[in-house]
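A.B. asks: Take a look at this one; I'll ask things after.
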Amino acid sequence: MATASSLLSEERFLCCICLDVFTEPVSTPCGHNFCRPCIHKYWDSSDVCQCPFCKRTFSSRPELNVNTTMSELAAEFAKLVQVKVSTSDRELPEGTNVLCDICTGMKEKAVKSCLMCLTSFCVVHLEPHQRVSVLKSHKLIDPVINLDERMCKKHNKITELYCRTDKACVCVLCFKSDHKSHNVISLEEEYEAVLAKNDEVMANIHKMIQSRCDKIDAIEKSLDASQKEADEEKEASVQMFTDFIRSIQKSQADVVEVIEERHRAMKQKAEGFLKEMRMEVAELKSRISQLEQLSRSEDHHCLVQNFSSLRAPSSKGWSSAGVYSNLSFNEVRRAMAQVKQTADIILEKVPEIKMKRMREHAVDLTIDPDTAHCSLTISQDRKQVGTAEKQNLPKNPKRFEMYPEVLAKEGFTGGKFYFEVQVKDKSKWTVGVVRESVDRKGDTRLSVSDGYWTIGLSEGKYYGYENSAVILVQLKKLQKVGIFVDYDKGVVSFYDVDFKSHIYSFSGYCFKDKLYPYFCPHYNTDKMNVAPLVITPVPHRLA
(Lines of atoms letter the chains of each structure in order from A and count residues from 1; the text may use other names and numbers.)
(Lines give C-alpha, C1' and ligand atoms only; values in the text may rest on other atoms or scores of the structure.)
Protein backbone atom coordinates (compact mmCIF):
# COMPACT_ATOMS: atom_id res chain seq x y z
CA MET A 1 0.00 0.00 0.00
CA ALA A 2 1.31 3.48 -0.86
CA THR A 3 2.49 5.72 2.00
CA ALA A 4 1.18 9.23 2.62
CA SER A 5 4.49 10.74 1.61
CA SER A 6 4.50 8.92 -1.73
CA LEU A 7 0.93 9.91 -2.42
CA LEU A 8 1.73 13.49 -1.51
CA SER A 9 4.87 13.93 -3.63
CA GLU A 10 5.89 17.57 -3.94
CA GLU A 11 5.74 17.85 -7.73
CA ARG A 12 2.03 17.06 -7.82
CA PHE A 13 1.00 20.01 -5.62
CA LEU A 14 3.23 22.83 -6.85
CA CYS A 15 1.94 25.51 -9.20
CA CYS A 16 4.50 25.88 -12.02
CA ILE A 17 3.84 29.65 -12.09
CA CYS A 18 4.47 30.59 -8.44
CA LEU A 19 6.37 27.38 -7.50
CA ASP A 20 4.27 27.22 -4.32
CA VAL A 21 1.60 24.82 -3.05
CA PHE A 22 -1.66 25.25 -4.94
CA THR A 23 -4.10 27.93 -3.79
CA GLU A 24 -7.57 27.37 -5.24
CA PRO A 25 -6.27 24.87 -7.83
CA VAL A 26 -8.04 24.89 -11.22
CA SER A 27 -7.55 22.67 -14.28
CA THR A 28 -7.23 23.92 -17.86
CA PRO A 29 -8.82 21.99 -20.79
CA CYS A 30 -5.40 20.47 -21.49
CA GLY A 31 -5.36 18.88 -18.00
CA HIS A 32 -2.73 21.01 -16.23
CA ASN A 33 -3.29 22.52 -12.79
CA PHE A 34 -2.55 26.05 -11.59
CA CYS A 35 -3.54 28.39 -8.79
CA ARG A 36 -6.62 30.32 -9.87
CA PRO A 37 -4.99 33.76 -9.08
CA CYS A 38 -1.79 32.69 -10.90
CA ILE A 39 -3.43 31.57 -14.16
CA HIS A 40 -5.71 34.61 -14.27
CA LYS A 41 -2.76 36.95 -13.69
CA TYR A 42 -0.78 35.10 -16.36
CA TRP A 43 -3.56 35.41 -18.95
CA ASP A 44 -4.21 39.08 -18.00
CA SER A 45 -0.59 39.91 -18.79
CA SER A 46 -0.51 38.03 -22.11
CA ASP A 47 -2.04 38.79 -25.52
CA VAL A 48 -2.51 35.05 -26.24
CA CYS A 49 -4.56 32.73 -24.05
CA GLN A 50 -2.44 29.58 -23.71
CA CYS A 51 -1.38 27.01 -21.16
CA PRO A 52 1.78 28.15 -19.37
CA PHE A 53 3.00 24.56 -19.16
CA CYS A 54 2.34 22.97 -22.57
CA LYS A 55 1.73 26.21 -24.52
CA ARG A 56 -1.59 24.95 -25.95
CA THR A 57 -3.55 27.92 -27.29
CA PHE A 58 -7.25 28.50 -26.55
CA SER A 59 -9.47 30.53 -28.86
CA SER A 60 -11.21 32.08 -25.87
CA ARG A 61 -10.43 32.15 -22.18
CA PRO A 62 -11.77 28.84 -20.68
CA GLU A 63 -14.11 28.89 -17.74
CA LEU A 64 -12.17 27.43 -14.84
CA ASN A 65 -13.61 25.75 -11.76
CA VAL A 66 -11.81 24.81 -8.55
CA ASN A 67 -10.61 21.18 -8.55
CA THR A 68 -11.92 20.18 -5.13
CA THR A 69 -9.97 16.91 -4.96
CA MET A 70 -6.71 18.62 -5.81
CA SER A 71 -7.57 21.41 -3.36
CA GLU A 72 -8.01 18.91 -0.49
CA LEU A 73 -4.80 17.05 -1.31
CA ALA A 74 -2.86 20.34 -1.58
CA ALA A 75 -4.19 21.39 1.81
CA GLU A 76 -2.99 18.10 3.35
CA PHE A 77 0.40 18.53 1.72
CA ALA A 78 0.63 22.11 3.00
CA LYS A 79 0.04 20.86 6.55
CA LEU A 80 2.89 18.35 6.23
CA VAL A 81 5.19 21.02 4.86
CA GLN A 82 4.26 23.44 7.65
CA VAL A 83 5.09 20.80 10.29
CA LYS A 84 8.51 20.23 8.74
CA VAL A 85 9.13 23.92 8.53
CA SER A 86 8.16 24.53 12.14
CA THR A 87 10.51 21.75 13.32
CA SER A 88 13.44 22.76 11.11
CA ASP A 89 14.44 25.46 13.62
CA ARG A 90 16.15 27.55 10.89
CA GLU A 91 17.39 31.02 11.64
CA LEU A 92 17.37 33.99 9.28
CA PRO A 93 20.78 35.30 8.14
CA GLU A 94 21.88 38.04 10.52
CA GLY A 95 21.17 41.61 9.44
CA THR A 96 19.10 40.73 6.34
CA ASN A 97 16.34 43.10 5.26
CA VAL A 98 15.45 41.28 2.04
CA LEU A 99 11.81 40.21 1.86
CA CYS A 100 10.30 37.17 0.20
CA ASP A 101 9.15 37.84 -3.38
CA ILE A 102 6.45 35.13 -3.21
CA CYS A 103 4.63 36.08 -0.01
CA THR A 104 1.35 37.92 -0.48
CA GLY A 105 0.06 40.33 2.14
CA MET A 106 2.51 40.47 5.03
CA LYS A 107 5.88 39.49 3.53
CA GLU A 108 8.32 37.36 5.52
CA LYS A 109 12.06 37.88 5.55
CA ALA A 110 13.93 36.00 2.83
CA VAL A 111 16.46 33.33 3.82
CA LYS A 112 17.83 32.57 0.34
CA SER A 113 17.90 34.06 -3.14
CA CYS A 114 17.91 31.87 -6.26
CA LEU A 115 20.22 32.97 -9.06
CA MET A 116 18.29 30.89 -11.58
CA CYS A 117 14.81 32.07 -10.64
CA LEU A 118 16.05 35.57 -9.74
CA THR A 119 13.73 35.38 -6.76
CA SER A 120 14.18 35.62 -2.99
CA PHE A 121 12.34 33.06 -0.78
CA CYS A 122 11.29 32.89 2.85
CA VAL A 123 11.55 29.60 4.81
CA VAL A 124 8.13 28.37 3.65
CA HIS A 125 8.51 29.24 -0.03
CA LEU A 126 12.06 27.87 -0.14
CA GLU A 127 10.81 24.29 0.51
CA PRO A 128 10.26 23.47 -3.18
CA HIS A 129 13.93 24.20 -3.90
CA GLN A 130 14.87 21.68 -1.20
CA ARG A 131 12.47 18.96 -2.41
CA VAL A 132 11.85 19.20 -6.13
CA SER A 133 14.70 17.56 -8.02
CA VAL A 134 14.71 20.09 -10.88
CA LEU A 135 14.91 22.98 -8.41
CA LYS A 136 17.63 21.43 -6.25
CA SER A 137 20.20 22.21 -8.95
CA HIS A 138 19.50 25.94 -8.74
CA LYS A 139 22.21 28.12 -7.24
CA LEU A 140 21.07 29.49 -3.84
CA ILE A 141 22.86 32.33 -2.05
CA ASP A 142 22.22 34.44 1.04
CA PRO A 143 19.37 36.88 0.32
CA VAL A 144 20.27 39.89 -1.80
CA ILE A 145 18.29 42.76 -3.29
CA ASN A 146 18.07 43.80 -6.95
CA LEU A 147 18.56 40.32 -8.36
CA ASP A 148 17.59 41.61 -11.79
CA GLU A 149 20.85 43.56 -11.83
CA ARG A 150 22.66 40.20 -12.03
CA MET A 151 21.14 39.63 -15.42
CA CYS A 152 23.07 40.57 -18.54
CA LYS A 153 21.20 43.50 -20.09
CA LYS A 154 22.36 42.50 -23.56
CA HIS A 155 21.59 38.76 -23.57
CA ASN A 156 19.13 38.43 -20.65
CA LYS A 157 21.27 35.71 -19.04
CA ILE A 158 22.80 35.34 -15.60
CA THR A 159 26.25 36.91 -15.28
CA GLU A 160 28.21 33.87 -14.10
CA LEU A 161 31.66 35.00 -15.23
CA TYR A 162 34.01 37.83 -14.30
CA CYS A 163 36.24 39.66 -16.79
CA ARG A 164 39.36 40.81 -14.98
CA THR A 165 40.45 42.82 -18.02
CA ASP A 166 37.32 45.01 -17.99
CA LYS A 167 36.55 44.46 -14.28
CA ALA A 168 32.96 43.51 -15.07
CA CYS A 169 30.55 40.62 -14.52
CA VAL A 170 29.57 39.01 -17.83
CA CYS A 171 27.41 36.18 -19.12
CA VAL A 172 28.57 33.25 -21.24
CA LEU A 173 27.43 34.89 -24.47
CA CYS A 174 29.27 38.11 -23.58
CA PHE A 175 32.41 36.04 -23.04
CA LYS A 176 32.08 34.40 -26.44
CA SER A 177 31.33 37.61 -28.33
CA ASP A 178 33.23 40.45 -26.59
CA HIS A 179 35.63 39.02 -23.99
CA LYS A 180 37.13 35.93 -25.65
CA SER A 181 40.68 37.29 -25.57
CA HIS A 182 40.28 38.74 -22.06
CA ASN A 183 41.20 37.27 -18.71
CA VAL A 184 37.82 35.72 -17.78
CA ILE A 185 37.17 33.39 -14.84
CA SER A 186 34.07 32.16 -13.05
CA LEU A 187 32.39 34.50 -10.62
CA GLU A 188 33.01 31.92 -7.85
CA GLU A 189 36.76 31.96 -8.55
CA GLU A 190 36.86 35.74 -8.45
CA TYR A 191 34.82 35.65 -5.24
CA GLU A 192 37.37 33.30 -3.63
CA ALA A 193 40.24 35.50 -4.87
CA VAL A 194 38.60 38.64 -3.50
CA LEU A 195 37.82 36.86 -0.24
CA ALA A 196 41.49 35.86 0.07
CA LYS A 197 42.48 39.53 -0.27
CA ASN A 198 39.78 40.66 2.10
CA ASP A 199 41.85 40.29 5.29
CA GLU A 200 44.69 42.33 3.78
CA VAL A 201 42.28 45.01 2.56
CA MET A 202 40.55 45.13 5.95
CA ALA A 203 43.93 45.40 7.69
CA ASN A 204 44.88 48.31 5.44
CA ILE A 205 41.52 49.98 6.05
CA HIS A 206 41.96 49.51 9.80
CA LYS A 207 45.36 51.19 9.50
CA MET A 208 43.77 54.03 7.56
CA ILE A 209 41.06 54.34 10.19
CA GLN A 210 43.65 54.33 12.96
CA SER A 211 45.83 56.94 11.23
CA ARG A 212 42.80 59.16 10.70
CA CYS A 213 41.65 58.65 14.29
CA ASP A 214 45.14 59.64 15.43
CA LYS A 215 45.00 62.68 13.16
CA ILE A 216 41.52 63.54 14.48
CA ASP A 217 42.85 63.31 18.05
CA ALA A 218 45.82 65.51 17.14
CA ILE A 219 43.61 68.08 15.44
CA GLU A 220 41.14 68.07 18.34
CA LYS A 221 44.02 68.58 20.77
CA SER A 222 45.34 71.40 18.58
CA LEU A 223 41.85 72.86 18.46
CA ASP A 224 41.56 72.69 22.25
CA ALA A 225 45.00 74.28 22.60
CA SER A 226 44.05 76.95 20.06
CA GLN A 227 40.80 77.63 21.92
CA LYS A 228 42.71 77.95 25.19
CA GLU A 229 45.28 80.25 23.58
CA ALA A 230 42.50 82.28 21.93
CA ASP A 231 40.71 82.66 25.28
CA GLU A 232 43.94 83.74 26.98
CA GLU A 233 44.81 86.17 24.18
CA LYS A 234 41.31 87.55 24.17
CA GLU A 235 41.34 87.99 27.94
CA ALA A 236 44.79 89.64 27.85
CA SER A 237 43.82 91.89 24.93
CA VAL A 238 40.53 92.92 26.53
CA GLN A 239 42.37 93.64 29.79
CA MET A 240 45.05 95.65 27.95
CA PHE A 241 42.48 97.70 26.05
CA THR A 242 40.41 98.12 29.22
CA ASP A 243 43.47 99.42 31.09
CA PHE A 244 44.36 101.63 28.14
CA ILE A 245 40.82 103.01 27.93
CA ARG A 246 40.79 103.66 31.68
CA SER A 247 44.16 105.41 31.42
CA ILE A 248 42.91 107.51 28.49
CA GLN A 249 39.69 108.32 30.34
CA LYS A 250 41.65 109.32 33.46
CA SER A 251 44.01 111.44 31.35
CA GLN A 252 41.00 112.99 29.65
CA ALA A 253 39.44 113.78 33.03
CA ASP A 254 42.74 115.24 34.29
CA VAL A 255 43.14 117.44 31.20
CA VAL A 256 39.53 118.62 31.44
CA GLU A 257 40.00 119.40 35.13
CA VAL A 258 43.21 121.40 34.49
CA ILE A 259 41.50 123.32 31.69
CA GLU A 260 38.54 124.12 33.92
CA GLU A 261 40.82 125.17 36.83
CA ARG A 262 42.82 127.48 34.53
CA HIS A 263 39.60 128.90 33.16
CA ARG A 264 38.25 129.50 36.69
CA ALA A 265 41.44 131.32 37.73
CA MET A 266 41.35 133.44 34.56
CA LYS A 267 37.66 134.13 35.12
CA GLN A 268 38.22 135.18 38.70
CA LYS A 269 41.02 137.55 37.72
CA ALA A 270 38.99 138.96 34.83
CA GLU A 271 35.97 139.52 37.04
CA GLY A 272 38.18 141.53 39.52
CA PHE A 273 39.40 143.71 36.65
CA LEU A 274 35.89 144.15 35.34
CA LYS A 275 34.47 145.14 38.71
CA GLU A 276 37.16 147.72 39.34
CA MET A 277 36.94 149.22 35.85
CA ARG A 278 33.11 149.38 35.95
CA MET A 279 33.36 151.32 39.24
CA GLU A 280 35.82 153.73 37.65
CA VAL A 281 33.56 154.15 34.61
CA ALA A 282 30.62 154.95 36.88
CA GLU A 283 32.68 157.56 38.79
CA LEU A 284 33.94 159.13 35.57
CA LYS A 285 30.40 159.36 34.21
CA SER A 286 29.35 161.13 37.43
CA ARG A 287 32.15 163.73 37.00
CA ILE A 288 31.13 164.31 33.38
CA SER A 289 27.59 164.98 34.52
CA GLN A 290 28.80 167.48 37.16
CA LEU A 291 31.11 169.18 34.66
CA GLU A 292 28.27 169.54 32.20
CA GLN A 293 26.18 171.23 34.88
CA LEU A 294 29.04 173.61 35.80
CA SER A 295 29.57 174.51 32.17
CA ARG A 296 25.99 175.69 32.00
CA SER A 297 26.34 177.74 35.27
CA GLU A 298 26.83 181.55 35.15
CA ASP A 299 28.16 181.54 38.68
CA HIS A 300 31.80 182.33 38.12
CA HIS A 301 32.77 181.75 41.68
CA CYS A 302 31.20 178.23 41.82
CA LEU A 303 32.79 177.11 38.52
CA VAL A 304 36.26 178.23 39.57
CA GLN A 305 35.99 176.73 43.03
CA ASN A 306 34.73 173.24 41.94
CA PHE A 307 36.53 172.70 38.62
CA SER A 308 39.80 171.59 40.15
CA SER A 309 38.07 168.87 42.20
CA LEU A 310 36.19 167.51 39.16
CA ARG A 311 39.21 167.16 36.94
CA ALA A 312 40.14 163.52 35.82
CA PRO A 313 41.28 161.62 38.92
CA SER A 314 44.50 159.75 39.07
CA SER A 315 43.85 156.05 38.27
CA LYS A 316 45.58 152.85 37.28
CA GLY A 317 46.96 152.46 33.79
CA TRP A 318 44.73 149.78 32.28
CA SER A 319 46.53 149.68 28.94
CA SER A 320 48.73 146.78 30.04
CA ALA A 321 45.98 145.07 31.97
CA GLY A 322 44.55 141.92 30.39
CA VAL A 323 43.64 138.27 30.91
CA TYR A 324 45.71 135.74 29.06
CA SER A 325 44.29 132.22 28.81
CA ASN A 326 46.88 129.47 29.01
CA LEU A 327 44.42 126.74 28.03
CA SER A 328 46.21 125.20 25.05
CA PHE A 329 46.98 121.44 25.16
CA ASN A 330 48.34 121.17 21.63
CA GLU A 331 51.28 119.08 22.73
CA VAL A 332 48.96 116.62 24.48
CA ARG A 333 46.71 116.43 21.44
CA ARG A 334 49.68 115.87 19.16
CA ALA A 335 50.99 113.13 21.42
CA MET A 336 47.57 111.44 21.55
CA ALA A 337 47.20 111.69 17.76
CA GLN A 338 50.60 110.01 17.45
CA VAL A 339 49.49 107.21 19.79
CA LYS A 340 46.30 106.69 17.73
CA GLN A 341 48.26 106.68 14.47
CA THR A 342 50.75 104.18 15.85
CA ALA A 343 47.93 101.92 17.09
CA ASP A 344 46.20 102.12 13.70
CA ILE A 345 49.43 101.21 11.89
CA ILE A 346 49.99 98.23 14.18
CA LEU A 347 46.38 97.04 13.93
CA GLU A 348 46.35 97.36 10.14
CA LYS A 349 49.22 94.89 10.05
CA VAL A 350 46.68 92.30 11.21
CA PRO A 351 45.22 91.11 7.84
CA GLU A 352 41.73 90.44 9.19
CA ILE A 353 41.45 93.92 10.70
CA LYS A 354 42.78 95.54 7.52
CA MET A 355 40.25 93.62 5.40
CA LYS A 356 37.41 94.43 7.78
CA ARG A 357 38.18 98.15 7.64
CA MET A 358 38.35 98.15 3.85
CA ARG A 359 35.09 96.22 3.58
CA GLU A 360 33.38 98.97 5.54
CA HIS A 361 33.69 100.98 2.30
CA ALA A 362 32.17 98.26 0.06
CA VAL A 363 30.03 99.46 -2.86
CA ASP A 364 27.39 97.61 -4.86
CA LEU A 365 28.47 97.62 -8.53
CA THR A 366 26.73 96.67 -11.76
CA ILE A 367 28.27 96.38 -15.22
CA ASP A 368 27.36 99.12 -17.70
CA PRO A 369 26.37 97.49 -21.04
CA ASP A 370 26.70 100.85 -22.82
CA THR A 371 30.47 100.65 -22.30
CA ALA A 372 30.85 96.94 -23.21
CA HIS A 373 32.92 95.87 -26.22
CA CYS A 374 30.90 93.99 -28.87
CA SER A 375 32.64 90.68 -28.00
CA LEU A 376 31.47 90.69 -24.39
CA THR A 377 28.47 88.96 -22.89
CA ILE A 378 26.90 90.27 -19.68
CA SER A 379 24.73 88.29 -17.25
CA GLN A 380 21.14 89.31 -16.62
CA ASP A 381 21.96 90.60 -13.12
CA ARG A 382 24.89 92.57 -14.62
CA LYS A 383 27.37 91.03 -12.20
CA GLN A 384 29.27 88.77 -14.65
CA VAL A 385 31.11 89.48 -17.88
CA GLY A 386 32.76 87.05 -20.30
CA THR A 387 33.72 86.87 -23.98
CA ALA A 388 31.44 85.58 -26.75
CA GLU A 389 30.88 85.84 -30.48
CA LYS A 390 31.03 89.39 -31.83
CA GLN A 391 27.62 91.12 -31.73
CA ASN A 392 26.14 93.97 -33.73
CA LEU A 393 25.68 96.67 -31.10
CA PRO A 394 24.56 100.28 -31.57
CA LYS A 395 27.26 102.93 -31.71
CA ASN A 396 27.87 104.59 -28.37
CA PRO A 397 30.54 107.15 -27.43
CA LYS A 398 31.00 105.32 -24.11
CA ARG A 399 31.65 101.90 -25.72
CA PHE A 400 35.15 100.36 -25.88
CA GLU A 401 35.90 99.37 -29.47
CA MET A 402 39.48 98.06 -29.51
CA TYR A 403 39.66 95.46 -26.69
CA PRO A 404 37.08 93.39 -24.69
CA GLU A 405 36.74 95.94 -21.87
CA VAL A 406 33.81 97.22 -19.84
CA LEU A 407 33.20 99.60 -16.93
CA ALA A 408 30.87 99.60 -13.96
CA LYS A 409 27.77 101.80 -14.06
CA GLU A 410 28.88 103.52 -10.86
CA GLY A 411 31.66 106.15 -10.82
CA PHE A 412 33.37 107.93 -7.90
CA THR A 413 34.77 111.44 -7.43
CA GLY A 414 35.94 111.26 -3.82
CA GLY A 415 36.12 109.27 -0.60
CA LYS A 416 36.92 105.57 -0.32
CA PHE A 417 35.36 102.58 -2.05
CA TYR A 418 36.00 98.82 -2.18
CA PHE A 419 34.78 95.93 -4.35
CA GLU A 420 35.69 92.29 -5.01
CA VAL A 421 36.03 90.41 -8.32
CA GLN A 422 36.16 86.63 -8.77
CA VAL A 423 38.92 85.67 -11.23
CA LYS A 424 39.20 81.90 -10.67
CA ASP A 425 39.38 79.40 -13.56
CA LYS A 426 40.69 82.11 -15.91
CA SER A 427 44.02 82.10 -17.78
CA LYS A 428 43.97 85.84 -18.53
CA TRP A 429 42.24 88.88 -16.97
CA THR A 430 42.71 92.54 -15.99
CA VAL A 431 40.83 94.46 -13.27
CA GLY A 432 41.14 97.80 -11.48
CA VAL A 433 39.91 101.36 -12.03
CA VAL A 434 40.19 103.86 -14.89
CA ARG A 435 39.50 107.56 -15.24
CA GLU A 436 36.32 108.59 -17.05
CA SER A 437 38.23 110.34 -19.84
CA VAL A 438 40.18 107.20 -20.86
CA ASP A 439 40.41 106.63 -24.63
CA ARG A 440 37.78 104.03 -25.58
CA LYS A 441 38.28 103.93 -29.35
CA GLY A 442 42.03 103.77 -29.94
CA ASP A 443 44.88 101.39 -29.20
CA THR A 444 45.77 102.49 -25.66
CA ARG A 445 48.17 100.83 -23.23
CA LEU A 446 47.36 99.51 -19.79
CA SER A 447 49.34 102.24 -18.03
CA VAL A 448 48.88 104.93 -15.40
CA SER A 449 49.74 107.64 -17.93
CA ASP A 450 46.79 106.49 -20.07
CA GLY A 451 44.43 106.49 -17.08
CA TYR A 452 44.55 102.81 -16.03
CA TRP A 453 45.29 101.64 -12.47
CA THR A 454 45.08 97.87 -12.96
CA ILE A 455 46.63 94.48 -12.31
CA GLY A 456 46.17 91.27 -14.31
CA LEU A 457 47.15 87.73 -15.22
CA SER A 458 48.79 86.92 -18.56
CA GLU A 459 50.75 83.83 -19.68
CA GLY A 460 50.83 82.48 -16.13
CA LYS A 461 52.30 85.65 -14.57
CA TYR A 462 50.70 88.44 -12.55
CA TYR A 463 51.41 92.05 -13.52
CA GLY A 464 50.91 95.50 -12.08
CA TYR A 465 50.45 97.89 -14.98
CA GLU A 466 52.35 101.04 -14.09
CA ASN A 467 53.77 102.93 -17.11
CA SER A 468 55.50 99.62 -17.82
CA ALA A 469 54.33 96.20 -16.67
CA VAL A 470 55.69 95.12 -13.27
CA ILE A 471 55.84 91.37 -12.57
CA LEU A 472 54.22 90.65 -9.22
CA VAL A 473 55.43 88.03 -6.77
CA GLN A 474 52.35 85.89 -6.22
CA LEU A 475 52.93 82.36 -4.94
CA LYS A 476 49.30 81.25 -4.78
CA LYS A 477 46.83 81.32 -7.67
CA LEU A 478 44.38 84.15 -7.17
CA GLN A 479 40.70 83.23 -6.85
CA LYS A 480 39.22 86.56 -5.83
CA VAL A 481 40.72 90.07 -5.93
CA GLY A 482 39.73 92.95 -3.63
CA ILE A 483 40.21 96.51 -4.96
CA PHE A 484 40.38 99.40 -2.47
CA VAL A 485 40.51 103.04 -3.62
CA ASP A 486 41.20 106.09 -1.46
CA TYR A 487 40.40 108.84 -3.98
CA ASP A 488 41.49 111.74 -1.79
CA LYS A 489 44.88 110.20 -0.96
CA GLY A 490 45.47 109.00 -4.54
CA VAL A 491 45.82 105.30 -3.60
CA VAL A 492 44.60 102.17 -5.44
CA SER A 493 45.38 98.87 -3.65
CA PHE A 494 44.78 95.23 -4.61
CA TYR A 495 44.34 92.31 -2.18
CA ASP A 496 44.09 88.52 -2.28
CA VAL A 497 40.69 88.10 -0.62
CA ASP A 498 41.10 84.40 0.27
CA PHE A 499 44.43 84.90 2.04
CA LYS A 500 43.71 88.49 3.15
CA SER A 501 47.11 89.57 1.84
CA HIS A 502 48.29 92.67 -0.02
CA ILE A 503 49.17 92.21 -3.71
CA TYR A 504 50.08 95.63 -5.10
CA SER A 505 49.38 99.37 -4.66
CA PHE A 506 49.48 102.50 -6.79
CA SER A 507 50.07 105.54 -4.53
CA GLY A 508 50.90 109.23 -4.65
CA TYR A 509 48.49 110.11 -7.46
CA CYS A 510 46.24 113.16 -7.66
CA PHE A 511 42.90 112.07 -9.05
CA LYS A 512 40.82 114.74 -10.80
CA ASP A 513 38.51 112.75 -13.09
CA LYS A 514 35.71 110.47 -12.01
CA LEU A 515 37.02 106.91 -11.49
CA TYR A 516 35.17 103.81 -12.73
CA PRO A 517 35.76 100.14 -11.80
CA TYR A 518 37.22 98.36 -14.85
CA PHE A 519 36.95 94.75 -16.08
CA CYS A 520 38.66 92.97 -18.99
CA PRO A 521 38.05 89.17 -19.21
CA HIS A 522 40.18 88.90 -22.42
CA TYR A 523 39.53 86.57 -25.36
CA ASN A 524 39.41 82.79 -25.01
CA THR A 525 42.25 82.20 -27.47
CA ASP A 526 43.81 79.32 -25.48
CA LYS A 527 40.44 77.58 -24.85
CA MET A 528 41.14 77.86 -21.10
CA ASN A 529 39.65 81.31 -20.51
CA VAL A 530 35.94 80.45 -20.65
CA ALA A 531 35.04 81.53 -17.10
CA PRO A 532 33.62 85.05 -16.65
CA LEU A 533 34.78 87.80 -14.30
CA VAL A 534 32.25 88.02 -11.47
CA ILE A 535 31.48 90.98 -9.19
CA THR A 536 30.85 89.18 -5.91
CA PRO A 537 28.92 90.50 -2.89
CA VAL A 538 31.16 91.71 -0.09
CA PRO A 539 30.35 89.94 3.21
CA HIS A 540 29.82 92.02 6.34
CA ARG A 541 31.86 89.57 8.39
CA LEU A 542 35.22 87.99 7.57
CA ALA A 543 35.08 84.38 6.40
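Here the Cβ of each residue, glycine as well, is placed from N, Cα and C on the backbone.
These numbers come from a predicted model, not from an experiment.
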A.B. asks: If TrEMBL is the reference, give me the range from 155-182, 239-266, 267-294, 351-378 marked as coiled coil.
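C.D. replies: In TrEMBL, residues 267-294 carry the label coiled coil.
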A.B. asks: Under TrEMBL, which of the candidate ranges 78-130, 184-236, 449-501 is annotated coiled coil?
C.D. replies: 184-236
A.B. asks: Please indicate, using numbers and ranges, the residues of the same chain that are 6 or more beyond the domain 'B box-type' (147-187) and have a C-beta under 8 Å from a C-beta there.
C.D. replies: 113, 115-116, 118-120
A.B. asks: By DSSP, what is the split of the domain 'B box-type' (147-187) into helix, strand and coil residues?
C.D. replies: 11 helix, 11 strand, 19 coil
A.B. asks: What are the DSSP helix, strand and coil residue counts for the domain 'RING-type' (15-55)?
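C.D. replies: For the domain 'RING-type' (15-55), the helix, strand and coil counts are 9 helix, 8 strand, 24 coil.
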